[in-house]
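The next block holds one structure in the form of structure tokens; read it before the comments.
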Amino acid sequence: MPDTVVTVQNPESKPGKPGVENGNINNIFSWVEINYNYFKTLPGVLKLAQLILGIICLALASPARLPGTNWFLFVVIISFIATAIWSFVYLLSIREAINFPINWVLTEFCNTLLITVLYTVAFIVQLSAWSRPYQSYYKNPNIAAGVSVLR
């Protein structure tokens, strides 16, 4: 006589929720793994340097007194946000946890290439806007912000 196997499922646990097993909600973020060692590598140090230089550029170029500075601050903020997102992707090991068919290296390369082109245009616009014979208290910090992008 064949044996019959019966599987009983807990009715309180929802099968569609990730990380919730047997009604235990503590496993929701079990896929998150903090990876501090990434910031000891050269790419990690460069990301931290980008974040610090982004803060310096924001501090020096704010407030936007000329139209060229608006574009410069836009590029600095966009690149700061993108760098912060990539830093969290590596810090939380999201790259290893997500099983999407994404070429992460190519995606980060395209992001870096786009940010580099935008920064190049932005520092040229920033320096040309503030190089006119315009006397202001804000001239020197804005020129320093444009030059600090050349890092």
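Backbone N, Cα and C define each Cβ position, glycine as well.
According to TrEMBL, the feature domain 'MARVEL' maps to 38-151. Positions annotated as transmembrane segment by TrEMBL: 45-64, 71-92, 112-130.
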Next item on the list: Report the mean pLDDT of the predicted model across the domain 'MARVEL' (38-151), rounded to a whole number.
Entry: 85
Check: Under DSSP, the domain 'MARVEL' (38-151) has how many residues in helix, strand and coil?
Finding: 89 helix, 0 strand, 25 coil
